[in-house]
Amino acid sequence: MARNRYDMDEVLEEKFDINQVKRLAKYVAPHKTKMLLALFLMLSSAFLSTFLPKFLQLEMDVYIPDKNITGIVGIVLLTAVICIYLVVCIRLKITLTMHVGQDVIHQLREDIFEKLQELPFSYYDERPHGKIQVRVVNYVNNLSDILSNGILQTITDLFNLLFIIGFMFYMNVRLTLICLCGLPFLFLFIVLIKRGQRRAWQIQSNKQSNLNAYISESINGIRVTQAFVREDKNTEIFNDLSQNYRDSWMHASYYGFAMGPMVDLISTITTAFVYVLGVHYIIDGNVSGVSIGVLIAFTAYISRFWAPINTIASFYNSVVTAVSYLERIFETIDEPVEVKDAKDAIEMPAIQGKLEFEHVTFSYEKGVEILKDVNFSVEPGKTIAFVGPTGAGKSTIVNLISRFYNVDSGRILIDGVDISKVTLRSLRKQMGVMMQDSFIFGGTIMDNIRYGNKTATDEEVIRAAKTVCAHDFIMQMEDGYQTQVNERGSRLSVGQRQLISFARALLADPAILILDEATSSIDTETEIVLQEGLNHLLKGRTSFIIAHRLSTIQNADCIMYISDGGIAEAGTHEELLQKHGKYYELYEAQYKSV
Ligand SMILES: Nc1ncnc2c1ncn2[C@@H]1O[C@H](COP(=O)(O)OP(=O)(O)OP(=O)(O)O)[C@@H](O)[C@H]1O
């Protein structure tokens, strides 16, 4: 898939796919008891309420002319009981549907988040994070309305409509047929606007996604923005995106807005016809069975007839809107996980630490090979350093060891086992990875270090922190290890964040340790002390260290110089210096610059 940006719309599905709605129905299915109860309440109240105009007609045509006080009081009492029942039903129904709606939304959100947890790096490489967020939060929230109320209300309204049509036929067939004449016009209108309406809502969801992507990007990059005084330009971009969102929303809403007036227009015309013909029939002398009472009751039914049609039409609008969100939600849930356990994947046995790259070729994007036919072998317990120019592929190699990406061809073996044949969990559990981006999560420093080893005791956490020389600065903070830090660790220096991530990687007690620029922002003095602790700790573990500062890796068992998609040179520090090759040049350049 081509990479997406905040100003690029995502590809839209062509056809309205009813399966999206069916899938949503599956989420509702586990709540069928509550839904059925709510449906019963709604149907029973709908059924009972259809009697009210009939009672009115009886009063007008029979009990009042006959001065039948008992009849009048009876009808009033019955009406009151029905009204109380209706009120109770409505309250109960709202509570039930609200619960179901929110439970379904919760489940959808859980599923989408669970999926996001397993999607590989490549998924996140391809799109702005704001576009992912919008699916989990906004799109799912937008379903709330249809789920909480829409489905049941529509079913009820359909039944309501049937009851009302039944009563209308019972009261007068001719007037009912006149009334029904309006419906084909409404259907025709719906068919005519359907395509445009759907597209409009899809576009609106895209614009919302773009806006969200830009907000997220702007928040993450706010420091750079302010440093480069780009606030005005960013506000301009934001305004454009926001304006696009607004316009697309308005455009899509017009379709919905058009529906109401259309129903009103058709209902007004048909009601006018009913009045004209009704009065005509009354004047004609009740030949068609139309009395004044019948006409009054009938017009009451007409207003009840169009009300559910209006709700059904607006439900239809909501479904069209919801499908444009559902497409995106289910697209994420269905996203194929490229990096996943093979069907017959085995558990990775306890790692001894031998690692082999056999003819490994890898590209992030088709046709752009970053690693070409890479071969090397590492014995257990050895420390390997990768050095080389920026963008050469050092991080890529270590990312492949943890299988964050699949290789295009070739194999990576640990202790002779192809890592694509073992479960990701059993593989990664035995690795400690410290990436370039020392991400800090919101919470305490203790939680952050314990992130990869939930069962580690406080003492173990402190020991890891001491090993990486983080203990002193942590103890200087107001609450020591219990000090709260924000997401990304905004109150910590970059070096402090690195030390915390370092401690986190060590605490996992990994058989294979990967340190990608682990100490790049740490002062030289601390680094020397850290190095001592580290040397002790690296004993017995296979470790891969990426470093630009060559002083950090001089003691490595093997240094590999990565360039041009492969290993240009490999050997110990001394061997490579004697070679007078690229490593030598790099070392000389650094040495001279000191
Ligand atoms: N997620 C990605 N999608 C596409 N290309 C990528 C991605 N990550 C890295 N690359 C490209 O792959 C190449 C190797 O990147 P890599 O991060 O492995 O380099 P590196 O040697 O670790 O660089 P540095 O020393 O700057 O960290 C670079 O040209 C980079 O542009």
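Each Cβ is built from the backbone N, Cα and C atoms, and glycine gets one as well.
Listed in TrEMBL:
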- 36-321: domain 'ABC transmembrane type-1' (DOMAIN)
- 355-589: domain 'ABC transporter' (DOMAIN)
- 36-56: transmembrane segment (TRANSMEM)
- 68-88: transmembrane segment (TRANSMEM)
- 151-169: transmembrane segment (TRANSMEM)
- 175-193: transmembrane segment (TRANSMEM)
- 254-283: transmembrane segment (TRANSMEM)
- 289-307: transmembrane segment (TRANSMEM)
* Structure fact -> Outside the transmembrane segment (68-88), at least 6 residues beyond either end, the same-chain residues with a Cβ under 8 Å of its Cβ set are 44-45, 48-49, 51-52, 55, 58-59, 62
* Answer with yes or no whether the transmembrane segment (175-193) touches the transmembrane segment (36-56) by the criterion of at least three Cβ pairs under 8 A, sequence separation 6 or more. => no
* Within the domain 'ABC transporter' (355-589) only, compute the mean pLDDT. => 89
